[in-house]
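For reference, TrEMBL has these:
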- SER53, LEU54, ARG55, THR56, TRP81, ARG116, HIS152, PRO153, CYS154, GLN155, CYS298, LEU299, ARG326: carbamoyl phosphate binding site (BINDING)
- GLU148, LYS256, LEU299: N(2)-acetyl-L-ornithine binding site (BINDING)
- 7-165: domain 'Aspartate/ornithine carbamoyltransferase carbamoyl-P binding' (DOMAIN)
- 190-336: domain 'Aspartate/ornithine carbamoyltransferase Asp/Orn-binding' (DOMAIN)
- LYS306: N6-carboxylysine (MOD_RES)
Amino acid sequence: MKQVPLQHFLNTQDWTRAELDAVLALAAQYKAQPLGPRALEGKSIALVFFNSSLRTRTSFEIGAFQLGGHAVVLQPGKDAWPIEFDLGTVMDGEAEEHIAEVARVLSRYVDLIGVRAFPKFVDWSTDREDRVLKGFAKYSSVPVINMETITHPCQELAHILALQEHFGTRDLRGKKYVLTWTYHPKPLNTAVANSALTIATRMGMDVTLLCPTPEYVLDERYMGWAEQNVAESGGSLQVSHDIESAYRGADVVYAKSWGALPYFGNWAPEKPIRDAHKHFIVDEAKMALTNDGVFSHCLPLRRNVKATDAVMDSPRCIAIDEAENRLHVQKAVMASLIGQRR
Ligand code: CP
């Protein structure tokens, strides 16, 4: 196994396409042989969760175990001290210690730190969650993995591996990919929407961002990444507010709810827009417009709000494959960052 000489996994944009391809290939090997080389023998990792999780926590813990390593889970404000960050940011209650000590102390105990700090209400003016991740990266002397902040790079890799498996090829260029906004009765973070746009364009697909109004177009930093990716990888990027034309001929439909940028943290003006667009739900009629396309979602998903039972229970739904792949890709990322040289 080759060790990729990288320090952190904060975003896929930080890694070269060759590095991402190597990790995806290693993940496929782990999937074929889950109890293969114990690349983390004698290694420990700390998983710091500021938010709830089913998939991320389980897959990282089990992944570390399968690689021969050991995982410690910490929840600041619950079973670990609340943490203060630079610029006065406090996570989960009264701060008892600063990120500088937290990251440095953990670095003395473990070989890798995972951080989950996704926003319930994104405040782009403070960009708190991105600063949480960057704070760990700044003060840690061991690699840091983004377990979801305002992006979700581990989900990106799991998604791409699922698409590669479904289409039977590592080359996804030429696939028509629709990232569709879906209704949700409260504001949610944009992490997976930002990530899906980023990785779909990185893989050279023909990407349509489908959303109700121009106010729902994603933040300019991720639109910028997507445009940069199209320039480098080929493919295309367009924004559409027309459901039928966006779905027509699609090979992939990926759904997520995200907030309208001007209204983040200000629910009153956003709610009427959402309520007027419940028809964005992913249903059989829309999927029938696709090129026998597949549907996926990062999960968790509210059935019959974002996607119907019929879509979720259809063989065209690969969300469970994507969720499984979290285990395999994260093992590959961990092995690449801290694995034993062989
Ligand atoms: N998709 C995802 O990250 O799931 P969890 O929130 O359950 O970890």
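Every residue, even glycine, has its Cβ placed from backbone N, Cα and C.
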Quick one: pull the CA-CA distance for ARG55 (carbamoyl phosphate binding site) versus LEU299 (N(2)-acetyl-L-ornithine binding site), whole Å only.
8
Select, from TRP81, CYS154, LYS256, LYS306, ARG326, each of the recorded positions with a Cβ positioned under 6 A from at least one atom of ligand 1; if none does, say none.
none
Pick from HIS152, LYS256, LYS306, ARG326: which of these recorded positions has the biggest number of other Cβ atoms within 10 Å of its Cβ?
HIS152
Starting from LYS256 (N(2)-acetyl-L-ornithine binding site), work out which of the recorded positions listed here (SER53, CYS154, LYS306, ARG326) have their Cα within 10 Å, and give them in sequence order.
LYS306
Taking 8 Å from the centroid of the Cβ atoms of GLU148, LYS256, LEU299 as the cut-off, which other residues in that chain fall inside it around the N(2)-acetyl-L-ornithine site?
HIS152, GLN155, ALA191, VAL192, HIS297, CYS298, PRO300
TRP81 (carbamoyl phosphate binding site) to GLU148 (N(2)-acetyl-L-ornithine binding site) - Cα separation in whole Å:
21
ARG326 (carbamoyl phosphate binding site) to GLU148 (N(2)-acetyl-L-ornithine binding site) - Cα separation in whole Å:
12
Under 8 Å Cβ-Cβ from SER53 (carbamoyl phosphate binding site), six or more apart in the same chain: what's there?
ARG116, MET147
A 10 Å Cβ contact count, applied to the binding-site residues TRP81, GLU148: which residue has the minimum?
TRP81
Nearest-integer angstrom distance between the alpha carbons (Cα) of LEU299 (N(2)-acetyl-L-ornithine binding site) and LYS306 (N6-carboxylysine):
11
Between the Cα atoms of GLU148 (N(2)-acetyl-L-ornithine binding site) and CYS298 (carbamoyl phosphate binding site), find the distance and write it as a whole number of Å.
12
Averaging the per-residue pLDDT over the domain 'Aspartate/ornithine carbamoyltransferase carbamoyl-P binding' (7-165), what integer do you get?
90
Distance check, please: Cα of HIS152 (carbamoyl phosphate binding site) against Cα of the residue listed as 'N6-carboxylysine', rounded to an integer number of angstrom.
19
Intrachain C-beta neighbours of CYS298 (carbamoyl phosphate binding site), sequence separation six or more, cut-off 8 angstroms:
HIS152, GLN155, HIS159, VAL192, LYS256, ALA319, GLU322
Can you give me the Cα-Cα distance between LYS306 (N6-carboxylysine) and CYS154 (carbamoyl phosphate binding site) in Å, rounded to a whole number?
22
